[in-house]
Each structure stands twice: as structure tokens, then as C-alpha cells.
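**Student:** Okay, handing you the structure first.
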Number of protein chains: 2
Amino acid sequence: MQEIEGGVTAPLGFKANGVIANIKGHNTTKKDLAAIVSQVPCTCAATYTQNKVKGAPLTVTKKHLKNGQAQAIICNSGNANTCNANGIEIAEGACDLLAKELHMDPSDVVVASTGVIGQPMTLDPFEKHIHELVSGLKEDGSDDAANAIMTTDTHKKEYAVAFKIGDTTCHIGAIAKGSGMIHPNMATMLAFVTSDVDISREMLEMMVHDVVNDTFNMVSVDGDTSTNDMLVVMCNGLADNKKIVIKDKHYQIMKEALYYICESLSKGIAKDGEGATKLLTCNTHNARTLHDAKTVAKSVITSSLFKAAMFGKDANWGRILCAIGYAPADIDITKVEVSLSSAQGSIIVCKNGAGVPFSEGKALDILSEDEIVIDIDLHDGDYMATAWGCDLTYDYVKINGDYRT
Amino acid sequence: MQEIEGGVTAPLGFKANGVIANIKGHNTTKKDLAAIVSQVPCTCAATYTQNKVKGAPLTVTKKHLKNGQAQAIICNSGNANTCNANGIEIAEGACDLLAKELHMDPSDVVVASTGVIGQPMTLDPFEKHIHELVSGLKEDGSDDAANAIMTTDTHKKEYAVAFKIGDTTCHIGAIAKGSGMIHPNMATMLAFVTSDVDISREMLEMMVHDVVNDTFNMVSVDGDTSTNDMLVVMCNGLADNKKIVIKDKHYQIMKEALYYICESLSKGIAKDGEGATKLLTCNTHNARTLHDAKTVAKSVITSSLFKAAMFGKDANWGRILCAIGYAPADIDITKVEVSLSSAQGSIIVCKNGAGVPFSEGKALDILSEDEIVIDIDLHDGDYMATAWGCDLTYDYVKINGDYRT
């Protein structure tokens with residue numbers, strides 16, 4: 001497997017584009033309308049937020065993906081199209097517009113929106129800019145699409161890999177937007193994954209479910225599960241590999257590639273969390289169950305107090321112990337060992353549930369890096385899990401104190 | 001019922017004191033060691049944190065309260081005495097020192113600590129200052145004790161009421177410390193409640209359980225359930241009322257008084273949450289179950305995004321809907337109505353789960369006050385609940401970015 005350029009347009013047969021449709025405001029210079037289109041219909045699998053308040057686009061996309069098939073994605077940023085009385089109308093209208101322009105069935109279009117919840121919305125910007133969006137679709141259009149789906153993200157998240165299935169070179173590409181309201185209970189935020197692999201719907205759904213549980217569902221920026229989370233994977237089969245229809249070694253190869261892509265996006269989202277200055281990676285080792293391992297890792301990277309301490313480069317490990325203690329997991333606190341690591345080295349701060357002496361100077365050096373790893377060894381079983389998060393900073397408060405106004 | 005001065009020393013037969021024992025640092029000018037003492041043994045009820053990481057003082061206090069009796073409390077701030085190898089030794093040592101000075105049994109002493117977790121601790125400061133602490137016990141000592149248990153609190157929390165049971169005037173007084181790591185899963189933080197009411201242990205335990213569930217357990221500052229939460233209620237019976245032994249009208253009168261005290265402390269803790277500029281009160285109305293009502297109210301006041309919006313005076317009600325949507329409650333989002341109120345008036349921002357037009361100017365006026373009420377009507381049942389929280393501010397990040405160092 002090899003990382004390559006090209007994002008969602010790296011796989012064969014995909015084009016993309018992103019334009020300024022003024023959804024983010026009348027004078028915006030930011031792209032806010034994106035499309036991703038496959039040359040041929042794709043086998044699709046998707047996951048959605050578990051929030052009971054769901055954006056209208058999710059309702060429409062779910063309906064369209066009932067048959068497991070789609071050929072295009074339309075996505076706007078700047079308005080979540082959620083809690084609007086005319087939400088379904090807008091979401092269906094966007095699909096209709098793209099389908100008409102591309103001469104395909106509207107039910108083959110996936111629609112997504114991200115931005116402020118509960119803001120009035122009309123189809124006008126879609127109508128005005130749909131032709132520009134479609135006529136500009138191009139084989140190197142992933143960048144434009146990635147930019148157009150960003151809200152408070154400061155970096156676009158775009159990854160692609162090439163890998164072999166038998167003798168056939170295959171590709172997976174992806175873009176995502178994250179930043180705030182990120183505490184996936186699948187999916188998270190918006191992630192669009194394209195591939196030219198030929199795979200059955202059943203195998204793709206199984207793979208997506210497993211990979212998402214270990215990647216996107218292990219990310220938290222602020223504990224708020226969004227209303228618009230959606231991940232869609234589209235496979236158009238143009239790589240012409242021997243079709244994957246069982247969980248064989250080819251399935252495993254593609255799963256590894258998809259995992260790599262989703263893990264990269266997840267880390268990218270955590271690192272670019274609203275206001276974040278640090279990526280926090282928390283590994284739980286030797287837990288009694290997988291659930292315990294996951295819940296402990298997520299509890300630590302979700303703790304506001306711990307996140308603020310990381311911003312302050314403060315090795316306040318008591319807050320890690322506290323967050324372990326209130327995680328809904330079966331643990332023996334007297335066995336817990338905690339260490340902190342970064343490119344500057346590693347220190348053990350706690351053994352057998354109690355503090356051990358460490359150099360504050362060394363701790364400061366370690367925590368001054370922008371990627372920090374917290375290893376928690378429960379010494380009590382065989383399961384491990386990883387969760388990703390970020391620090392809590394002044395800028396998180398600033399961004400969210402006046403995000404809407 | 002009437003609010004009165006005097007805090008924990010308002011009830012008959014209680015004295016208190018607080019001194020500088022240098023636990024907060026060698027050059028501190030802040031009080032950090034407190035004692036509350038009853039003239040006679042008290043019937044006691046207590047609740048403790050559900051965090052699996054528990055401060056050593058909780059272990060010792062639980063043991064001492066097995067018989068439902070205590071006569072004195074010793075509490076330090078500046079060190080949580082949690083995750084220390086010698087924690088039990090220190091907590092028992094503190095009880096022994098106070099008991100010796102007061103000529104009582106150490107098992108009649110409640111011990112509590114609050115401060116940084118996992119910092120080394122010795123008995124020295126207790127030994128050096130125990131005589132000063134005890135010799136200074138006084139009938140108007142509640143203020144000193146309230147000050148001595150504060151950490152990052154900016155205001156002391158101290159309340160007392162007088163009320164009649166039959167013809168007998170009775171009293172309840174209390175002090176508490178809150179501020180950070182506040183997301184009670186009972187108890188919360190530290191709260192010490194004194195009373196001169198004569199009541200059986202069984203009745204007191206039942207009353208404390210019920211009141212705490214509706215007050216302290218409905219507060220969140222930062223979602224972090226502390227390791228040292230403890231609430232202790234001590235009743236010495238000196239009011240000489242007809243002893244409360246069943247759930248009669250006298251029980252209800254005392255329960256109302258205790259509720260008033262605990263609600264006041266809870267609101268005081270939320271309003272003085274670390275860095276907070278606003279008290280947020282969220283009422284859920286017409287829920288299908290009490291659990292649903294509580295979980296919705298708590299979800300809203302716990303949302304980082306909503307809390308940051310309140311700091312920014314931004315009527316971003318979509319975040320309220322989002323938090324309602326991810327609460328583990330059985331709700332019909334299409335029935336939800338939300339309004340925002342303060343001393344400046346009230347506006348409805350959402351009806352039937354969708355936005356309604358409102359004046360942004362009026363919203364700004366309402367949100368510029370320092371006490372904001374969020375009313376959520378689920379239009380779907382008969383249950384209501386209230387939760388209290390605070391906004392998320394730059395100062396929360398500042399305080400917790402360098403709390404320890």
C-alpha cells in the first residue's frame with residue numbers, strides 16, 4: 001500500500017469540483033458547494049449520526065441509498081439544512097438539480113450539508129451555480145471539493161492510497177470535514193470515500209461498519225455528536241479486480257487500505273479540531289474487554305480538564321486517572337500505569353494507580369510537541385484501543401462564542 | 001422558611017473554624033484547613049462520588065459513617081489526597097489528630113480533601129495547625145470554614161435557613177466548594193450540611209438521597225466527575241423537635257428546607273464554575289418520563305458548544321436541539337419548543353423542532369444578563385426537571401491550562 005496524491009479523484013473514473021455558491025454569505029470568497037461524480041454507478045455503503053435530530057440531507061440520502069447504489073454526491077457547507085421546515089424539499093431539490101445536469105436518476109445522488117443548524121435556506125444558490133459546478137468537474141478536482149466542504153476547518157483533509165488486489169492496482173481516496181460538534185456516534189462529520197475496487201454491497205457494508213467503529217467513532221473534539229454526520233463510501237469497480245464477494249485475503253487488503261484512509265482522516269479531524277494546537281492519541285492497553293479499552297481511551301480524550309491541561313503543557317496526570325475512573329468500564333485502578341510520550345521522549349507518571357516521581361522539565365519538553373501520546377496500561381487483560389482528540393484552547397471558546405453571528 | 005445568616009454554625013450546637021495550614025503552599029495567605037464540630041454526636045447521612053478512582057478521605061469517611069454517627073468534620077483544600085500511596089494513612093491521621101484535640105473517638109470524625117490529584121502529602125501541616133484550628137472553633141466560624149475549603153472557587157457558598165417543625169424553630173446550614181471537575185454522579189464536590197433537627201438515620205438517609213438526586217446531581221460545570229465528591233449532612237437534634245421517624249408532614253417540612261439549601265448550593269456552584277460568567281438554568285417540561293426530563297436538561301447544560309455560545313451571547317439554538325437529540329431520551333423532535341429567558345424578557349426560538357423568526361436584538365439583550373433560563377417543552381408527557389450549568393469561557397481554559405503548575 002502506498003500513499004498517493006489525488007484525494008477522491010485518485011481512483012479511476014471519478015471527477016470532482018467545488019465552487020463559490022454564496023451559501024456562506026453574499027460576499028464570501030470561500031467555496032461552499034461540492035460535487036463528486038463517478039463515470040458509472042457505484043456500490044455504496046454509508047453510516048449516519050445516531051443523533052435523534054438529523055439533518056434533512058441524511059433522510060434523503062438514506063432513502064436514495066436503500067438500493068446500495070449511487071453515482072454522485074452533492075454537498076454544501078455554510079448551512080446544515082437541519083431543523084428547517086423546508087429541509088427535505090431543499091435536499092431533494094439539490095439532488096434533482098445535479099441529476100438533471102448529469103442526466104442521471106435523482107435517486108443515484110447522495111446529498112449532504114454542513115454548517116449552522118436551523119438557519120433558513122433556499123434552493124437559489126444551488127440553481128444559480130449547478131451548471132458551473134457540473135461543467136467544472138475534473139479528474140484533479142478533489143482539492144476544490146475538499147475546500148468547498150470545510151466550515152471552521154483550517155486544513156482540508158484529503159487522502160488517497162494505491163494497493164494491489166492480486167495483480168490489479170486499486171485505489172481508495174477520500175475527503176472529510178470535521179472541526180466542531182465532533183463526537184461521532186457514527187458517522188462523524190462528513191467523509192466521502194471513493195474507490196475503483198469491485199466489491200459486493202454486503203462485503204462493503206461489513207467493511208465500512210468495522211472500520212468506522214475503530215476510526216471515526218474513536219474521535220472526539222468537543223463531546224457534541226453532530227446532527228449531520230455522514231460517511232459515504234462509493235466503489236465503481238473500474239479497477240477491474242476480481243470482484244470481492246467473501247471475506248478473503250483481498251477483502252483484508254482492501255480493509256487495510258480503507259482503515260488507513262479512515263484513520264488518517266480521523267487523526268486529521270482531531271488535530272484540526274476547533275481551536276486545537278495538539279493532536280492527542282490515547283492508547284488503552286491490556287483491558288479486560290474491547291468495550292473497556294475503547295471507553296477508557298475515549299473518556300480521557302473527552303475530558304475538558306485533561307484537554308485544557310494539555311493546552312497548558314501541564315503533566316496533570318491526576319485528571320487522566322479521574323477520567324479513567326468515571327469511564328463506564330470494569331477496571332482495577334490499583335493496576336493502572338500511565339505514560340506520556342511525544343517526539344521528545346516518554347515518561348511514566350503513574351504506576352499501580354499512584355503517582356511516581358518524574359522530571360517536570362522532561363514532562364514540559366514532551367508536552368511542548370504538537371502530537372502527544374497517552375498510553376494507559378490497565379494490566380488486566382488482552383484488549384487494546386486507540387482514541388484521538390485535541391486540546392481545549394482559548395480559540396475553541398473564541399470560535400464557538402461567535403460562530404453564528 | 002426563612003433564609004438566615006450563619007452557614008453551618010446557624011443550627012444550635014455547631015462551631016467551625018478555618019486556618020492557614022500551608023497546604024496550598026509555603027507562602028500561601030489562603031486558608032486551607034477547616035473543621036466543623038457539633039456539641040453532641042450527630043445522626044449522619046452522606047453521598048459519595050461514583051468515580052472508581054476515589055480519594056482516600058472518602059474511604060476513611062465511609063468507614064467512620066458505617067454506624068450513621070459523627071460529631072466533627074476535618075477538611076483541607078490544596079491537595080485532594082487521591083492516588084497517593086500513603087493516602088489512607090494521611091486521612092486517618094487527620095481524624096486522629098482532630099479527635100485527640102477534641103477528646104472524641106476518631107471514628108466520629110468525617111474527613112475530606114479537595115485540590116490537585118496525585119500530589120505527595122504529609123501529615124505535617126495538620127500536626128502543626130490542629131491546635132490552632134480547634135482552639136479557634138467558634139459559633140460564627142462558618143465563614144472561615146467556607147473560605148478554607150475553596151480551591152478555584154471565587155465566592156464562598158454558604159447558606160442557612162430557619163423553619164418550624166410544629167412549634168419548634170429548627171435550622172439547616174451548609175457550606176460547599178465547587179468550581180471545576182464538577183459533573184456530580186453524587187455527590188458533588190464537597191458539601192457539608194449541619195442541622196439541629198432531631199431525625200432518625202433511616203429518614204435522613206432517604207431524604208438526602210432524594211434531595212441530592214434533584215439538586216447536586218443536576219449540576220455540571222465541565223462534565224468531569226470528580227474523585228473526591230462528598231456531601232455529608234449532620235443532625236445533632238439540639239432543636240429538640242418531636243423526632244422525625246416517619247415520612248409525615250414534619251419530614252416534608254425539613255425536606256423542603258434541605259432542598260432549598262441544596263438547590264442554593266447547586267446554583268451557587270454552577271454560577272461560580274471555573275471561569276463562568278453566566279448561570280444557565282435549563283428546565284425540561286412535559287417529558288414522557290422523569291429520566292427523559294433530567295437527561296435532556298443535563299445534556300443541554302453539558303454541551304461545550306452551547307456553553308461557548310452562551311459566553312458569546314449567541315442565540316445559537318441549533319446547538320440546543322443538537323444536545324437534545326443526542327441525549328439518551330425518548331423524544332419526538334418534531335414537538336420540541338425552546339425558549340430563552342432572563343431578566344430582560346423571553347423569546348421563543350424553536351417550535352415543532354424547527355426555527356421560528358425572532359429578534360436578534362432582543363436575543364442579545366436577553367443573553368447579556370448573567371442568569372439565563374432555557375425552557376425546553378417536549379409536549380409529550382407530564383414530567384419536568386431542572387439542571388444547572390455555566391458558560392464555557394477563556395478563563396476556564398486559562399484556569400485549567402495551568403492549574404497545577
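Positions of Cβ are set from backbone N, Cα and C atoms, glycine also.
Quantities reported herein were computed from a predicted structural model and do not represent experimental measurements.
Take a look at what TrEMBL says about it:
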- B:Thr188: active site, nucleophile (ACT_SITE)
- B:Thr151, B:Lys177, B:Thr188, B:Glu274, B:Asn400, B:Thr405: substrate binding site (BINDING)
**Student:** Would you mind pulling the DSSP three-state label for B:Asn400 (substrate binding site)?
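**Tutor:** SS state of B:Asn400 (substrate binding site) = helix.
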**Student:** Sub-8 Å Cβ contact with chain A: please pick out which of the binding-site residues B:Thr151, B:Glu274, B:Asn400 have it.
**Tutor:** B:Asn400
**Student:** Using a 10 angstroms cut-off on Cβ to Cβ distances, just flag whichever of B:Thr151, B:Glu274, B:Asn400 is the loneliest among these binding-site residues.
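**Tutor:** Comparing Cβ neighbours within 10 Å for the binding-site residues B:Thr151, B:Glu274, B:Asn400, B:Thr151 has the fewest.
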**Student:** For B:Thr151 (substrate binding site), what is the secondary structure by DSSP, using just helix, strand and coil?
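**Tutor:** For B:Thr151 (substrate binding site) - judged by DSSP and reduced to three states - the answer is coil.
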**Student:** According to DSSP, collapsed to three classes, what secondary structure does B:Lys177 (substrate binding site) have?
**Tutor:** strand
**Student:** Including all protein chains shown, what's the count of other C-beta atoms within 10 A of the C-beta of B:Lys177 (substrate binding site)?
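**Tutor:** Counting Cβ neighbours of B:Lys177 (substrate binding site) within 10 Å gives 29.
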